[in-house]
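Engineer: I have a structure here, written as structure tokens, and I will follow up with some questions on it.
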């Protein structure tokens, strides 16, 4: 049975978990006399022992007793034969003295003797509600080894962990719970140790919960109250049990000091500090616990954020305090402690960084420090600005110049220059802060939010009476949003703030005219806006007049559209050389506007548009708030224009006499090759044909033909014909296109006829480039007359082209690339897939697109077999020693602790043992030029040269290798638990998976060169060591006479080859029939 486990006194590491046992709905407290003292105790049928905080030492002490609760074991003092009196009844009973208990309890041991019984109600309600948490799909929990700690830290940790275990916060983990999270500790100013847990990996793998509370409560949302009390919940997290199925993932290891014994493994039973869900679980738990209490006390204004509780009321002071006590008792039932020393009664009260006064509120620290002209470090500037941003809800001042000053160099020690304009901006904020105070909310009155366009920011004021703001705020510019759209975003933010803080929907006052805003809401994809809004004749600075009739810096787009040769066409030609045209149905006016829309879509932030349509020109110039736009093309253009920085609009009459306008008119008037459908890809300038796309997965059995219609109709010009051709990558696999001429004027669907010549089925996947369409000019020559009257037999049975795929290798290449992120060339060579397919795989890999490789640095460095370069590089806070062999590009790298000579020499011996190098180039770093390093190089026989100072070319190869290595490591850091593993994976990619122009990897080249050296040395050695022997030939198993001497031409493990002079044949002789001898003298003299 469970015992009520209390809290430790102040200064303890953490409190105990209270047992979630059953209690009555309103737990009864009764007066009993224990020894000589009267006490108000909780009658608790869930506790089997009676607990008091203090005792007068009457009765018989029987030593210490361990109480087992859900939170673990707590020790108290046990006293027998203590006189206990309830009303008239006196008994002798047993009590436990536990000074840290939040409440004193009469347990079942003495209740029966005193004849006390209670009727239970809502039996399960006072358990602490458990919030379910889980890992993300497919995750297995953290497995990060505990790093070594000093003896002193281990002793500090042991003391903390022992205490946690005794109080039931942690438990001993069974051996099959294998997860591990590292722990460490720091010393506080008081000299006590504080335990820290590195939950980063567990946090990554844990499924998020919704935030229980969005943002801080704000005093502007509070009503004015006579009395106020602020309570602080002590050891909040450590009072809430952790969901049991999740506990195995929270294990940590307590190393034994000096390795004198085995490690001890623990797991968390309560919400640990530093775990990402502790705040959310805590908030959900408090919501559940307090919901009923808040509902029963409507006269109380109640606010909670994490462990700070605000209670405000207009009751008389005695009643107010009684309710506060009631709340404290209610929370204490669940084991939460409310330390007396942190309780604040009455004004001024400090809450969440605010200072609450009877009529107003202000910030606790409401003066900003001065800033003076001169230099300031970025670190100090960030702190100052942070101080101000916190207070913007009171003063609403934006500081664009100071914010601009923070841009640039990110190093905290980098310096910034404060000028007079910055000082003035800051002083304005200081003055405003000194003058202003916030007001409380009156629920009888409406709430207004007024928005205005300030200096590079939008400011808004929330008020009920003019001049008495509840709060104000600033929303800074959002890139790529027009100012009007930004004002709408600010209105949404303001409304959400008011709803969260006050629970009412505000009236929003917007600058300008109502019609403008109706239009903005229509074209801006605004999904939600408060229904109560109005406009005031204030500033209309939001009107971003970015359409002008002057020339703008930027390219010029000549646009045109209309019915040309009976067909709707539109397009543009830009001064940059970009051209665009398209067939589309529509009126002349619609097509003119569509041409402008396409130019706006494809043009930059600043551009010029030239049109010969007066209608389109007037539309672009018109003040768009004059009417509500109903034409969807106009609305789309307005949306595009709002997002531009500036557009110059120009009108020229007709197309006569103006070369550029004539050009665009002619360009869209041509009967041009038009297409319909998505079965074709745009052609690059260097390609002969257009790639055709397979519409769905197609299986072609061995030796069979398939006709594949693709999603494409084309309209060839009269002087064109086309051919559907095979792609060489398909032909090389035995898959061919049969036929494929498309006659001029043909307008049918393109079909590709494919023949599989293999003896097994071939699959062409959907979306694969599998044929190409080649356009040719039509030349009739002598056959022109016949050509005019020719007939095409094909009708709708048109032809297209192909190129087939062996396909099985594509998924293999994709899978291998997801592991090693090699380049397209390497995939192409390793898996025999076309270069374009390999490039597609790399382009679709998000990791590779984020981490582009550096371009090659070409220098005149010395390169050669077994000649290496070495240097240190830094990745975040880690140091890596990088070696590169200059001939093959083979890289060797390891993480090091520092750039010391001793560590470098240890690494040098490792490097030498692995690669047997001959020479080394480094810069003039102290580790490289130290005398012991030079002596080691001589000892190993390595020729060591140092770079030419300030000549980067001398180290170009290793410098480029740094960049390549770091880019590759970046791809692997998230895939591996340890950084060293990420380095190793990067080396596999760069040394083994990366193929060069000849299809060889750095490792291939390095091994080949080593083998060549070995063969060369062996042949040299063999030439200088001829061997001679006597031999005998066996006939039917019987050995013959000894013959010779003769030269051994080849020697194996069990036999040799010689040439028999008599037979003029080469013979293989077993070694048992051979006697080796030194080189005979007479042969030497020959």
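The backbone N, Cα and C atoms fix where each Cβ goes, glycine too.
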Engineer: For the annotation zinc finger in Swiss-Prot, which listed range does it cover: 808-849, 850-891, 892-933?
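Structural biologist: Here Swiss-Prot associates zinc finger with the stretch 808-849.
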Engineer: Please identify the range among 974-1026, 1027-1079 that Swiss-Prot labels DNA-binding region.
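Structural biologist: Result: 1027-1079 is the stretch Swiss-Prot calls DNA-binding region.
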Engineer: Sequence-remote contacts (6 or more beyond its ends) of the zinc finger (808-849), Cβ cut-off under 8 Å?
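Structural biologist: Sequence-distant neighbours of the zinc finger (808-849): 727, 729, 765, 769, 968, 971-972, 985, 988-989, 993-997, 999, 1001.
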Engineer: How do the residues of the domain 'RNase H type-1' (551-673) split into helix, strand and coil according to DSSP?
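Structural biologist: Final tally across the stretch: 45 helix, 34 strand, 44 coil.
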Engineer: Helix, strand, coil residue numbers for the zinc finger (808-849) per DSSP?
Structural biologist: 33 helix, 0 strand, 9 coil
